[in-house]
Amino acid sequence: MNDSITVRGKDRYKSGVMEYKKMGYWEPDYVPKDTDVIALFRVTPQDGVDPIEASAAVAGESSTATWTVVWTDRLTAAEKYRAKCYRVDPVPNSPGQYFAYIAYDLDLFENGSIANLSASIIGNVFGFKPLKALRLEDMRLPIAYVKTFQGPATGIVVERERMDKFGRPLLGATVKPKLGLSGRNYGRVVYEALKGGLDFTKDDENINSQPFMHWRERFLYCMEAVNKAQAASGEIKGTYLNVTAGTMEEMYERAEFAKQLGSVIIMIDLVIGYTAIQSMAKWARRNDMILHLHRAGHSTYTRQRNHGVSFRVIAKWMRLAGVDHIHAGTVVGKLEGDPSTTKGYYDICREDYNPANLEHGLFFDQPWASLNKLMPVASGGIHAGQMHQLLDLLGEDVVLQFGGGTIGHPMGIAAGATANRVALEAMILARNEGRDYVHEGPEILAKAAQTCTPLKAALDTWKNVSFNYESTDTPDYAPTPSVSM
């Protein structure tokens, strides 16, 4: 089945229906060029459908093919523009599923456009009837394509310089409850959290401009809180002002107002769409603003293993698009996140070059062509008692956001912030002293709590609470590569 079965010559363009694998979309001898975009799909064919034909159909329908032969193919450089499925492997331990490797000529894509890239790669093909399910698992983006994108507007290094925070993770909290607070009370939460020791607070994904608190009111009270907290602490502080709105004009207006008020950071939601994200990233670059992206909505298509788009692909696209922060999982929190898979997401965000690593779900080497690094954000169900685990699993270049773990503190918001800051500082000190902070973590925290009542209260309240559920999206790691079909 490794032989090419492409029909050549005039028979290739006879009117009628022809199998995709015979039209040139299956080329097992093809060697991808350095400039090719490569997509790895998990293909689940309908019963009785040949996996080679199903994979060739994915290549065809995501590039130049339609359901029947069209003579106008002869007016194009058809051999060049056809996507080529060159390898199909059975997925380890998943009967009926196949990994299809498909190469696309770079000329098929518009420079610097995630919208155009996604329109081809995840366009109509996901509704193709011969497939039970289809998932985009990973992509190899060539340097020639990567360099057409801006990349993160600010980047990790410059963000740390602006915030004057070095040698430790940044600390944040999402204001809770996310909906219903007045502007004045919202600002009080921001002030207490920042005064207590956090670096950032943030709006949640669905706080925009509602009857109980219009956006301008929120921005004014939040920035008043930031300025007061900076004066009280002597540290640079920030709050993610969510500028997500119904139109680009409204988002630009909100972003400009945030800038006028002196904010160092604004926020957008993934649901605004790829073009809007890139537009806001370009605005942030021009205006020296950090851009935080909340991945609201991603689990509708990233969570299931057999259908949709892997978050590792979304992370790659967002690094290209130009955001500075992205929620990337916590492992130990309340949201989906297999440890190995999550490490792969963090590698995509923070490394200059990603070598293939099947254990972390990375199928391809990925160069980043000096694009700025993207700061991953960990949030959702984390608390001070997990600090040693978070530092070990996620490293130093990360924002740890304790929403409930700050605002739910029994002694109040400022005490919750202090508990998190003291826990982090104690763990960083232990790490820098060469201690085995992972195994000694509970002991280190208990000792720090002896001189910090807020930390003791946090540890007594949440103890070792964790959300230990089996992940639905785990790497299909095989010790040896499967044999090409």
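Glycine is no exception: its Cβ is also placed from the backbone N, Cα and C atoms.
Using a 10 Å radius centred on the Cβ of LYS176 (active site, proton acceptor) and all shown protein chains, the other Cβ atoms total 15. Residues or ranges marked as active site, proton acceptor in Swiss-Prot (evidence: sequence analysis): LYS176 (among others).
Around HIS294 (active site, proton acceptor), the same-chain residues six or more apart in sequence whose CB sits under 8 Å from its CB are ASP204, GLU205, ASN242, MET267, ILE268, ASP269, LEU270, HIS327, listed in sequence order. Annotation source Swiss-Prot lists active site, proton acceptor at HIS294 (among others), citing sequence analysis.
Annotation source Swiss-Prot lists substrate binding site at ASN124, THR174, LYS178, ARG295, HIS327, SER379, citing sequence analysis. Applying an 8 A CB threshold to same-chain residues 6+ apart, the list for ASN124 (substrate binding site) reads GLU61.
Taken from Swiss-Prot, the feature Mg(2+) binding site applies to LYS202, ASP204, GLU205. Classification of GLU205 (Mg(2+) binding site) by DSSP places it in coil, neither helical nor stranded. Within 10 Å of the C-beta of GLU205 (Mg(2+) binding site) there are 20 other C-beta atoms, taking all protein chains into account.
Counting only same-chain residues at least 6 apart in sequence, those with a Cβ under 8 Å from the Cβ of LYS202 (Mg(2+) binding site) are GLY172, ALA173, THR174, VAL175, THR239, TYR240, ASN242, MET267, HIS292, GLN401. Here Swiss-Prot flags LYS202 as N6-carboxylysine, drawing on sequence analysis.
Marked as site 'Transition state stabilizer' by Swiss-Prot: LYS334.
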Helix, strand or coil at HIS294 (active site, proton acceptor) [DSSP, three-state]: strand
Rounded inter-Cα distance in Å - LYS176 (active site, proton acceptor), SER379 (substrate binding site): 13
